[in-house]
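Below is one structure, written out as structure tokens; comments come after it.
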Amino acid sequence: MDAKKPYVVAIIIQVIFTGMFVLIKAAFNQGFNTFVYVFYTQAAACLLLVPIAVLRERENMKSMSFRLLFKLFLCALLGNTFSINLLDVALKYTSATVQSAISNSKPVVTFFLALLLRMEVVKLRSSHGIAKVTGIVLCLAGVLVVAFFTGPALSPVNHHRAFHTSHTSSDLTSRVTWIKGTFLKLFGDITWSLWIIFQAALLKEYPNRMLVTVTQCVFSTAQTFVVAAVAERDMARWKLGLDISLLSILYTGFVVSGLSNYLIVWCMEMKGPVFLAIWFPLCFVLTMFCSSFFLGEVIHVGSILGGILLTAGLYSVLWAKSKETIVEPCSEVNMTESAQDEEEERKPEENQRKVREDHEDDVPASAV
């Protein structure tokens, strides 16, 4: 059961992200400011996590050095403040389906960054090495198909949308806006991948998942407030009402920024950064259905074809990772057994040599 926990946690993370894409897009369709939104979500996460951290990790807080806090400040600036603001602006420019589809470039980005930093190794002569590269290529091909091939449109799953917004889902954004949102999304995913890898190295230095998550949340709350104050000076647009925007903020702050970030750190510590990233195709499939059902977004054949490629890439990489964990321990056992066999083979030879030497010594003595 313990071996299955990372897989279950990875699936839960994708379900949480699916709800995030749908709710955030519904809030942005009502005209809510993206930068103010990010600040509210980070503040909500702090309200949830800080009291828990104070109760559980009060003594461990004293062990956090200034050097460690500075590293956490930079990680929060990269992964929470900069990356999340970019991703939310990109989501406002495009759709939930497109954003979740482009998120599947994260396995490619994370894999190459981890490879450059020597955190991942690919053995092209082995079957699992070839399968890992094939899975990454299939994921990339699926993203390209979803992003650049439209195909015939399918009618929404639910014509009566659960989230009523001021913008209809059939409104097509301009080509320039779509391209801008796509590149912002890709750039945000690159910074997110760097954040994941830096956190993996940081956890080796300070393996306390709770304090790492909470400290970054506190820093990002202050950082995003500065960004929001500069970007939106009309305080009337900071007001919250009992609508989808408030629900989206509470969900993103408590569930996404709070719970999912802790699960991400735990899963990354157990299985590594690439394992977590390869699960994002599942988020695309779920978001494609939920955005059609709740937001009334039109799904195209190109999205379905891309989803098939992404799913194939997902299982190819998962198979490679599972084979990799099996082959490496077996190879170590085989090396140990072969070393023992060689040692046992050398023992009779050494015994025979000693017998011959003793016999040669006895012959001259008996002759005299």
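FYI, residue positions are counted from 1 along the chain as it appears here.
Every residue, even glycine, has its Cβ placed from backbone N, Cα and C.
What TrEMBL records for this protein:
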type: TRANSMEM; residues: 7-28; note: transmembrane segment
type: DOMAIN; residues: 7-147; note: domain 'EamA'
type: TRANSMEM; residues: 34-56; note: transmembrane segment
type: TRANSMEM; residues: 68-87; note: transmembrane segment
type: TRANSMEM; residues: 93-117; note: transmembrane segment
type: TRANSMEM; residues: 129-149; note: transmembrane segment
type: DOMAIN; residues: 181-318; note: domain 'EamA'
type: TRANSMEM; residues: 183-203; note: transmembrane segment
type: TRANSMEM; residues: 210-231; note: transmembrane segment
type: TRANSMEM; residues: 246-267; note: transmembrane segment
type: TRANSMEM; residues: 274-295; note: transmembrane segment
type: TRANSMEM; residues: 301-320; note: transmembrane segment
type: REGION; residues: 331-368; note: region 'Disordered'
type: COMPBIAS; residues: 345-358; note: compositional bias 'Basic and acidic residues'
type: COMPBIAS; residues: 359-368; note: compositional bias 'Acidic residues'
Non-local residues, at least 6 beyond the ends, that sit with Cβ under 8 Å of the transmembrane segment (34-56): 24, 27-28, 80-81, 84-85, 88-89, 91-92, 210-211, 213-214, 217-218, 220-221, 224-225, 227-228, 231-232, 237-238, 240, 245, 248-250, 252-254, 256-258, 261-262
Residue numbers, six or more beyond the limits of the transmembrane segment (129-149), whose CB comes under 8 Å of its CB atoms: 98, 101-102, 104-105, 107-108, 111, 122-123, 182, 278, 281, 284, 302-303, 305-310, 312-321, 323-324
Sequence-remote partners of the transmembrane segment (301-320) [C-beta within less than 8 Å, at least six residues beyond its ends]: 97, 101, 104, 107, 128-129, 131-132, 134-154, 274, 278-279, 281-282, 284-285, 288
Whether the transmembrane segment (274-295) meets the transmembrane segment (93-117): three or more C-beta pairs under 8 angstroms: yes
Listed stretch, out of 93-117, 183-203, 246-267, that has the most CB pairs under 8 angstroms to the transmembrane segment (7-28): 246-267
Helix, strand and coil counts within the domain 'EamA' (7-147) (DSSP): 120 helix, 0 strand, 21 coil
DSSP-derived helix, strand and coil totals, residue by residue, for the domain 'EamA' (181-318): 119 helix, 2 strand, 17 coil
